[in-house]
Amino acid sequence: SDDYVKARVMFKEEQISEFKMAFDMFDEDGGGDISTKELGTIMKRLGMSISREELQQMIDEVDEDASGTIDFEEFLEMMARAMQDSEREIPDDELRAAFRVLDKNGDGFIDKDEFRALASECAGDDLTDDELLEFMMDYDGNRDGRFDYEEWKEIIQELKVRW
C-alpha cells in the first residue's frame, strides 16, 4: 500500500531490521503475522509507550482485512504512524506536570529511586543498576546524582529524536 511505501522511506534500513527482528520474535509459528495482543509488548520492547486505547485505534487503522492479526507490512505502517504522532511538540506545561508526577517527594528533582521506578515501568526489570547509572550520568549535567527539570526536558527531547 502507499502507507507501506511511505513507512519504508521514513525508516533507515537498520530501524526496519530492528522492527523485523521484534516482529519475528512474536511470530511464533512463522506464519508472517502476529496477534494484536502481542503488539503492545513489541512496542514496549522497542521503547514506545502507548496506551491500550491508542494501540487499538492504530490496529483498527492498519488491520484492513479485520483478521485480528497484523502482518509485517501493517506493522511497519503502524510504527510509522506511532513515530509521526510522537514527533509532535510536547507543551512545556505537560512536561512540567509529568516531572512533578515523577518527583514523588516534591523536592524539585528526580533522584535515582524515582528514576528507577520510571525505568522499571518503561523497560520492565530488564535494566541493571549499572545501565541505570550509565543512563543517568549521560544526562546528569552537573553530576549531582539526580535530574532537575532542565535535565529531564533534555532527556525527553533526546528520546523523541532517537525515535
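Cβ atoms here come from the backbone N, Cα and C positions, even for glycine.
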Item to check | Feature N6,N6-dimethyllysine, as given in Swiss-Prot - residue among Lys6, Lys20 | outcome: Lys20
Next on the checklist: Please identify which of Glu94, Glu114 is recorded by Swiss-Prot as part of the Ca(2+) 3 site containing Asp103, Asn105, Asp107.
Outcome noted: Glu114
Next on the checklist: Cβ within 8 Å of the Ca(2+) 2 site centroid (Asp63, Asp65, Ser67, Thr69, Glu74 excluded): which residues?
Outcome noted: Asp33, Val62, Glu64, Ala66, Gly68, Ile70, Asp71
Checklist outcome for this item: Tertiary contacts of the domain 'EF-hand 3' (90-125), defined by C-beta under 8 angstroms and 6+ residue spacing from its ends, are 44, 47, 49, 132-133, 135-136, 145-149, 152-153, 156, 160
Checklist entry - What recorded positions among Lys20, Asp65, Thr69 are found with a C-alpha within 10 angstroms of that of Asp33 (Ca(2+) 1 binding site)? => result Thr69
